[in-house]
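J.: Would you mind keeping the following structure in view while I ask a few things?
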Amino acid sequence: MLGSDISDFSISGTQMQPPPPPPATAEPFRITTNSPQMLDANLTPGRRKLQKWLGRVLRIVITDGRVLVGFFNCTDRDANIVLSMCAEYLVEGQEPRLLGNVMVAKKHIVSLNIDEPRTSTIL
């Protein structure tokens with residue numbers, strides 16, 4: 001057995017300091033959408049319409065009868081749609097099942113409705 005004890009060992013080097021905690025923000029909770037503030041004038045009318053729909057609530061009926069309701073997040077060239085904060089309704093009037101983010105393939109979409117903001121008129 002060796003005749004050295006723990007006092008014979010030394011550790012050299014610099015000590016790592018933990019990073020400082022992030023500053024506390026007093027900003028209120030906000031929902032952020034990917035809808036741009038300004039529309040691009042070079043977009044085709046179809047793309048301009050899709051851009052206006054970003055962040056809006058979509059109601060999609062799919063081939064098996066289920067209804068999906070969520071925020072329109074994006075689409076692709078194949079017309080697949082991604083909804084965020086999506087809820088699934090099996091039977092009208094029953095409690096929804098919360099799904100989160102959902103991709104709906106074009107081949108399964110029967111109908112699609114967008115909640116348009118109502119224009120209020122002062123009488």
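Note that Cβ sites are derived from N, Cα and C of the backbone, with glycine treated the same way.
Keep in mind that what you see is a predicted model, and the values were worked out from it rather than measured.
Per TrEMBL, compositional bias 'Polar residues' is recorded for 7-16. The domain 'Sm' annotation in TrEMBL covers 45-118. The region 'Disordered' annotation in TrEMBL covers 1-30.
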J.: Give me the DSSP three-state residue breakdown of the domain 'Sm' (45-118), ordered helix, strand, coil.
T.: 12 helix, 38 strand, 24 coil
J.: Quick one: mean pLDDT on the domain 'Sm' (45-118)?
T.: 90
